[in-house]
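Enquirer: Straight from Swiss-Prot, here's the annotation block:
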ACT_SITE  D14  active site, proton acceptor
ACT_SITE  H42  active site, proton donor
BINDING   13-19, 41-43, R305, 331-333, 412-414  GTP binding site
BINDING   D14, G41  Mg(2+) binding site
BINDING   D14, E15, G16, K17, N39, A40, G41, H42, T130, R144, Q224, T239, R303  IMP binding site
BINDING   A299, T300, T301, G302, R303, A304, R305  substrate binding site
Amino acid sequence: MGKNVVVLGSQWGDEGKGKIVDLLTEKASAVARFQGGHNAGHTLVVDGKKTVLHLIPSGILRDDVTCFIGNGVVLSPEALLIEMKELEDNNVPVRERLKISPNCPLIMPYHIALDQAREAKRGSGKIGTTGRGIGPAYEDKVARRAIKLADLFRPDLEEKLRNLIEYHNFQLTQYYKVDAIDFDTTFALCQQWRDELKELVCDVTEALNQLRLAGKNLMFEGAQGTLLDIDHGTYPFVTSSSVTAGGVSTGTGIGPLYLDYVLGITKAYTTRVGSGPFPTELFDDVGAHLAKVGHEFGATTGRARRCGWFDAEALRRAVVLNSLSGICLTKLDVLDGLDEIRIGVGYDIPESEFAAAHDGEFYETVTPKYETLPGWKGSTVGITNYDDLPEEAKAYIKRIEQLIDCPVDIISTGPDRDETIVLRDPYDA
């Protein structure tokens, strides 16, 4: 029988999931996205060539891998078509490899307008969204008024769209004092999207299940990271979807008993983009060093990432939330040359803080407790054998395993798929 592997972020996103998914899809027949939208940014480097994907699963570069976009994804047809064209211009036959659930809610122009108007109105209290309409699209889904991909092919689309635009325009013009969304322009877009995407629509749940029954290896690719989960993250500084392993089942229709291994991707330090609490954040030369050496700029937004020491307490929480089978530690090479390396091993919690919450307010009030380990002078760049790592690097990895009670199964030592140490392959575990 085949194995079903979940790959997801276990920090605040940007952990390097794209490279690892691309690496592991060598053994997979299909890759499925299960949540998020084009606010994700997955960077792949293959033979020195860089590709950035936002919606399409990272397995698209593999000749024999089918890629699925599950119902848990909010789909921007406009962004998808742009991404498809970029890949097709590079001779990637996207239409032969990509299938999309008809139950994906669509991101419409009014969602983007609402997202941007809200962030502007919040001023200094902004959440730090990408402004791409993700949150408002999920709101329409939960409120049971979303236009889904399937609706593009139904006769009542015009009436449904007209009512929705009227509903959202009232808020846009009367409360936010911005321009209304034009119905005719939006309806014409919907007709264009219908024609462009018709051949890609597929019952994703049934297709994945048939592959499973045939004994094929499947992969489920997460976007963002555990600490951005709508339920378990640093609320309200979170995304609008279920980022944890539980989101796989709701976002694809493949039940939890069919998931065999959950891999948590985590950097050897910690980063965060945008607003929100970050207990181990660094504001000194070391933080600047990590940002510079790690090229810490978001693949989607281009925003500089905030950098800090590894937070083992937050990761221990992610291990529990996702029932992680193993960890992939990325960007170990960024720590090369540091005299000492600190690990956040726990928190001092104010007596007044409601410690059970583990939300944004909780993380804002805690003070991290640190443990200091010696750094290493040798380079880890491109190392593919664990025994070749500096002894101090091995000690750092072992200490992380002890603190989070989860094995480090994969270590990434550079951006290329070949710059990797695989201690335990998820498909062989």
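Placed from the backbone N, Cα and C atoms, the Cβ positions cover glycine too.
Give me the structural setting of these features: burial, nearby parts and distances.
Expert: Cβ contacts within 10 Å of D14 (active site, proton acceptor), excluding its own Cβ and spanning all protein chains shown: 28. Secondary structure at D14 (active site, proton acceptor), as computed by DSSP, is coil.
Neighbours of H42 (active site, proton donor), defined as other CB atoms within 10 A of its CB across all chains, total 25.
The DSSP secondary structure for L332 (GTP binding site) is helix. Long-range neighbours of L332 (GTP binding site) (same chain, six or more residues apart, CB within less than 8 Å of its CB): A268, T380, A393, I397, I411, S412, T413.
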Enquirer: Distance between H42 (active site, proton donor) and T130 (IMP binding site) at the Cα atoms, whole Å?
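Expert: One finds 15 Å between the Cα atoms of these residues.
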Enquirer: Starting from the Cβ of T413 (GTP binding site), draw a 10 Å sphere and report how many other Cβ atoms land inside it.
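Expert: T413 (GTP binding site) is surrounded by 24 other Cβ atoms within 10 Å.
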Enquirer: Have a look at the recorded positions D14, K19, N39, T43, Q224 and say which one has the shortest Cα distance to A304 (substrate binding site).
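Expert: The answer is D14.
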Enquirer: What number of additional C-beta atoms lies within 10 angstroms of the C-beta atom of R303 (IMP binding site)?
Expert: 13
Enquirer: Per 10 Å Cβ neighbour count, which of the binding-site residues T43, T130 ranks highest?
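Expert: Going through T43, T130 one by one, the largest Cβ count within 10 Å is at T130.
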Enquirer: When the Cα of R305 (substrate binding site) is compared with the Cα of each of the recorded positions D14, T130, Q224, which one is closest?
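Expert: Sorting the recorded positions by distance from R305 (substrate binding site), the top entry is D14.
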